Amino acid sequence: MTVTGTGFKASTTGTVIVGSATFAFQTTSQGAFSTGITIPAAPTGNLTITAKTSSIKASATFVVQAAPVPAPAPAPTISSAPLRFGAATPGGPLASSELDEVATVSGEIPSIVMSYKDFLQSPPITELDAVRSRGATPLVTWEPWAWGGGVNQPAYSLARITAGDFDGYISQWGQSLAAWGKPVMLRFAHEMNGNWYPWAEGVNGNQAGDYVAAWRHVHDVVAATGAANVQWVWSPNVPYSGSTDLAGLYPGPGYADIVALDGYNWGTSQTWSSWVSPVDLLGPGISQLRTVAPGKPVLIAETASSELGGSKAAWNTDLVSYLAAQPDVMGFVWFHMQKETDWRINSSDSSASAFKSALSARRS
């Protein structure tokens with residue numbers, strides 16, 4: 001702050017005293033002065049400021065009040081809103097710092113935490129415990145292949161799965177999940193209507209009808225272990241020109257508890273992609289799910305948007321608003337990763353702010 005004074009001897013030096021600190025000044029030809037001072041960091045009660053020269057001394061006393069310390073922002077919690085919010089992060093359920101970041105940027109703890117496992121991995125009980133400790137429900141994407149092996153993996157053909165070649169392994173998963181005993185969503189062989197995974201029909205030697213047969217077989221082997229706590233999630237990709245028709249891939253109402261969609265707004269991040277709104281991206285697929293699996297709850301199991309080609313902030317707002325208006329859509333899982341493009345919620349400040357506000361609005 002600045003201290004000023006008049007009535008002092010002209011053109012002389014002086015000192016301003018504030019507590020134990022001193023600040024020099026020089027008067028003008030009219031006997032006035034002005035000098036900057038620093039208030040003590042933690043003054044209490046009255047504070048006296050004194051200005052003096054060799055012949056004159058003047059003081060003033062002020063009541064100094066410290067600025068109130070703002071209350072800390074409330075810690076994020078899991079929302080009870082009908083539309084659930086979930087997340088998948090690079091490190092999975094054991095990467096607590098990643099999930100903490102999601103909670104911070106979104107203002108809400110994800111109530112669903114998704115992870116990915118191939119057919120070489122053991123039942124992830126430690127990860128399930130970690131998700132449960134956060135108050136969330138685990139969603140395990142179980143992929144019948146060996147990661148990194150490409151589309152052509154004859155060892156993991158649908159016919160081999162149906163023939164029982166993996167029954168021992170599948171039973172191990174079922175027994176472990178049954179022993180764990182808490183609710184878990186199991187998303188087996190997702191995006192089967194595309195052609196980029198070895199469990200799709202038309203690739204890897206798979207024929208029409210093989211997918212449903214394999215799904216039912218895996219379901220029945222797990223069910224035989226007593227794993228009644230498992231919710232089966234059937235999760236195609238959003239339909240596109242050339243994708244396999246969903247009707248021939250649906251295993252039936254007794255074999256799926258939740259139906260889901262994966263859909264991304266790639267924007268202009270790829271040479272083949274363009275900006276697409278949440279309604280145009282997800283709406284046709286949701287309509288098909290309602291036709292193929294009437295009455296089943298719908299989950300958007302993977303979604304996110306690129307920053308390139310439009311306003312990601314507006315896209316985030318529109319996504320949550322659109323999904324919250326669909327009574328049969330139970331939730332969505334955000335793919336919080338920097339991969340083909342920056343899918344993360346906080347890829348920009350505007351994206352994070354809009355996402356957080358959209359989640360808050362759907363809670364009110």
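Glycine residues also receive a Cβ, built from the backbone N, Cα and C atoms like all the rest.
Keep in mind that TrEMBL annotations are predicted by a computer and have not been checked by a curator.
Residues or ranges marked as domain 'GH26' in TrEMBL: 64-364. Annotated active site, proton donor per TrEMBL: Glu191, in sequence order. Feature annotation from TrEMBL assigns active site, nucleophile to Glu302.
Glu302 (active site, nucleophile) carries a strand DSSP state (E or B). Separation of the C-alpha atoms of the residue listed as 'active site, nucleophile' and the residue listed as 'active site, proton donor': 10 Å, rounded to the nearest whole number. Around the Cβ of Glu191 (active site, proton donor), the same chain contributes Tyr197, Ala200, Ser235, Pro236, Asn237, Asp262, each under 8 angstroms and 6 or more positions distant in sequence. The local packing around the residue listed as 'active site, nucleophile', expressed as other Cβ atoms within 10 Å of its Cβ over all shown chains, amounts to 25.
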